[in-house]
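The structure under discussion appears below in the form of structure tokens.
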Amino acid sequence: MVELRNRVFVRGVKTSARLSLTFDRRTKTRQRATLEGGEEVAIFLPRGEVLRGGDIVAASDGRLVEVIASPEAVLHVTCTSPRELARAAYHLGNRHVPVEVGEGFLRIAADHVLEEMLRGLGATIEPMSAAFEPEAGAYGGGHRHGDDHDHGHDHDHEHDHKHDHEHGEHCDHEHGPPPHPARIHHFGKKDG
């Protein structure tokens, strides 16, 4: 079986075969796949490498294979203002969702839960079949949840998973659960 092991970092070269893969398949570095002509190949790429539509991969028999971002079920997200689109992007990013950012739109893999969330934020959603090329940020160099910025003190943020949360000597606040509605006081009277 022919193996695909190395990405060629030159575009515009003549290729002799094409390999169509969805985004999820393009993130897998060890797999079997089928070229458009029906030939099976084995993919053995360096771990963490993500193939993009238009990439060229060298085959063990000397051929060059073009990677095609095959159409897949996606949600095309638009909003009435740049602020609303940024808000939608924020909420998707906060959930670590792969997002393709275009001129005035976002695209995500089809997901009914995220679709409802986005509609609730006022976004217009158009389900479609299209090539999906999300941003490489979280996928280009491995996946991590740390922060790359400095607040001048030790500070771990809390995400969907738990981390210890400590502040330096100059941070003067505590974290706890939000107050229960029955414990919120208005005008000196207890509700509930």
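Numbering starts at 1 and runs along the chain as displayed.
Glycine is no exception: its Cβ is also placed from the backbone N, Cα and C atoms.
Positions annotated as compositional bias 'Basic and acidic residues' by TrEMBL: 144-177. Sequence annotations record features per position, and here TrEMBL assigns compositional bias 'Basic residues' to 182-192. Look at TrEMBL and you will find 1-65 tagged as domain 'UreE urease accessory N-terminal'. Per TrEMBL, region 'Disordered' is recorded for 134-192.
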Secondary structure content of the domain 'UreE urease accessory N-terminal' (1-65), with strand meaning DSSP E or B: 4 helix, 28 strand, 33 coil
Average pLDDT across the domain 'UreE urease accessory N-terminal' (1-65), rounded to a whole number: 95
